[in-house]
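Look at TrEMBL and you will find 136-423 tagged as domain 'NADH:quinone oxidoreductase/Mrp antiporter transmembrane'. Positions annotated as transmembrane segment by TrEMBL: 6-25, 37-58, 115-133, 139-158, 170-191, 211-235, 276-300, 307-329, 389-409, 429-457, 478-498, 614-632 (among others).
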Amino acid sequence: MSSDWLVSIFFFAIGLWLAGGLLSLITQRKPTLSHRLGAISALLSSSTLLVLALITISSGLEVQLSRAGLFLLASFSWYLDPVGGFFLLLIGLGGTLASWYGLGYCQEYLEHKPIGTLWFCFNLFLASLALVVTAGNGLLFLLSWELMSLFSYFLVVFEYDRQNVRKAGFVYLVMTHIGTAFITAAFLLFYKTSDSWEFAHWSQAQLSPSLMTLVFLFGLVGFGTKAGLVPLHIWLPRAHPVAPSHMSALMSGVMVKLAVYGFYRLAWEWLPAQPPLFLSLLVLSLGAVSALLAMLFALGCRDLKQLLAFSTIENVGIIFLALGTALTARSSGQTQLAELALGAALLHALNHAVMKSLAFFGAGAVLYRTHTKNLDELGGLAKLMPWTGVTFFLAVAALSALPPLNGFYGEWQIYRALLQLNSTLQPQGAIAVFATLAAVALAFTGALALAALSKAYAGAFLATPRSEKAAHASEVPAAMRLPMALVALLLLVLGLSGPQVYHWLLGQVLAVNSPVPAGSLLLVSGQLLLLGLLLFLGLRALNNLPVRQAPTWGCGIELTPRMEYSASGITMPLAFLFRRWTFAARVEDHLYRPLWDKVMVVVDQLRSVQTGRLQTYLAYMLITLVILLIWVN
């Protein structure tokens, strides 16, 4: 397919998102029509983008489009290559699944919420995600990044009548703009040293070692804030739980990955030279610490969606750990190991997008029927919502990296990269120590993730209902069950074909010769056939067994929900053992709250310049104008 066709398909998808969003907004007085127009347009546009992404990756084409005069300071520059195609794949896949799920999930908003506004923001949010990935210069990237942040904020505060939603939205808006400020600072330094906003020119920028370190750190803070790296994570466990569940899935599965995209472009392509070794080890350490602390924080969670949000921080931390491993290997001259670690990061990003979407879909189904996210008020839903129970179990098992599900293979390749980094660079003591500690942290994180996610499933679905809300729950509509089933199937396929997908990412996306055997489609098909046969035989055997229902013997005592383990009780021993680390509020109390208090002191002191006199404000404007004229000259 020619490059012109790829450009046409992309802008067709953008146009469809815009048209669908506007039509949904215009028809808002007819909620059902508005809802269907918004959801179906998002579904079709995302599916179109998914096809475009697969074509781009398989063809290996690089497409560039530039139009002068559309911006005051730079041209409109659009660029797409296989790496961008991979992230478009995440957007297209996540958008397709979230739109389909939202078609059923948003039914409860039709009577009392502005559904047209929701789908308008949702469609434009997806369009802004796609524009971020295909931006060819700094200005278009920043504009798209800001649109992505604003539309995601509007979706986070959709249920603005609740105070906790407004507070979460405020924290998200502040943190995302702090991150954007650091990204803007890095871009301005690139512009100053290259005299261009074009990404293609930044690799020739005349950056001194100290200036390059500063640009790298600015980018790490900026993109790390959007990714939710600790201690920049405080917005994520607030914003993701209060957003509509299909939006939570899109934010956790896709939006945070664009921070990975931006950091990859910065560290591998935009910088004129590879960063120093200590910066590579910093990224590796931040990833390991973020993953570990996120799961320690999750142990104390009672909110189902908040627990999944901490799981997102954990998995993004694992991805950055892999990126840090790749940077460290590249800084040490181990090019092939760097490529393998980078491929493992991309594989885990893909797998996480799938399994976290399914997890939030399951949490959304629970919320849809019980109207609570408090795990201590749930329980017994496996019998009342069997379809949701099975799919959510698969999601948390995959997030726990249990084979043969898709969360296992990507993490296994990251383990291999760390161990290979340790063995290859053993003479360089510092690197070996960092690699060993990171591998230990990753193993410990996996154990904590298993505990926290077991709590999520057991607290919601096992034992007996602990509230009237849970006791009267029933299965969700087919419009929600079908996309959940599709994601569960995709999760199994990706898990069984892990080596093939890894080989495909290395060869097609990163364009490197993979030493990993690809396997064959026949082998994958055989695995799927065997799994299906075992499931069929197992279900048939269970159905043929005689079943006698009787009450469970309880030592002569009438059993009540108060006698069972609560969700909090499941992880209480671990939470007590790590009690100094299990409360996320400590980061805010010791870091952000003192900083906020100092900012407010400065703001109070600046109030003296607000005299309320027009003459004073005119004088401020004149002084500012004179300073700008002197600076320009």
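In case you wondered, yes, glycine gets a Cβ from its N, Cα and C as well.
A Cβ distance under 8 Å defines the sequence-distant neighbours of the transmembrane segment (139-158), meaning residues of its chain 6+ beyond its ends; these are 71, 73-74, 76-78, 113, 117-118, 121-122, 124-125, 128-129, 131-132, 165-166, 168-169, 172-173, 176-177, 180, 183-184, 187, 197, 199, 239, 242-244, 247, 251, 255, 258, 262.
Nonlocal intrachain contacts for the transmembrane segment (307-329), taken as residues 6+ away from its ends with a CB within less than 8 angstroms of a stretch CB, comprise 224, 227-230, 233, 236-237, 239-241, 248, 252, 256-257, 259-260, 263-264, 267, 274-275, 277, 279-292, 294-295, 297-298, 301, 335, 337-339, 341-342, 344-345, 348-349, 352, 356, 359-360, 363, 375, 399, 411, 414, 417-418, 421, 431, 434-435, 438, 442, 445, 449, 452-453, 455-456, 584. Only sequence-distant pairs (6 or more apart) were considered; of these, at least three Cβ pairs between the transmembrane segment (389-409) and the transmembrane segment (429-457) are under 8 A, so the stretches are in contact.
Between the transmembrane segment (6-25) and the listed ranges 37-58, 170-191, 276-300, 429-457, the one holding the most Cβ pairs under 8 Å is 37-58.
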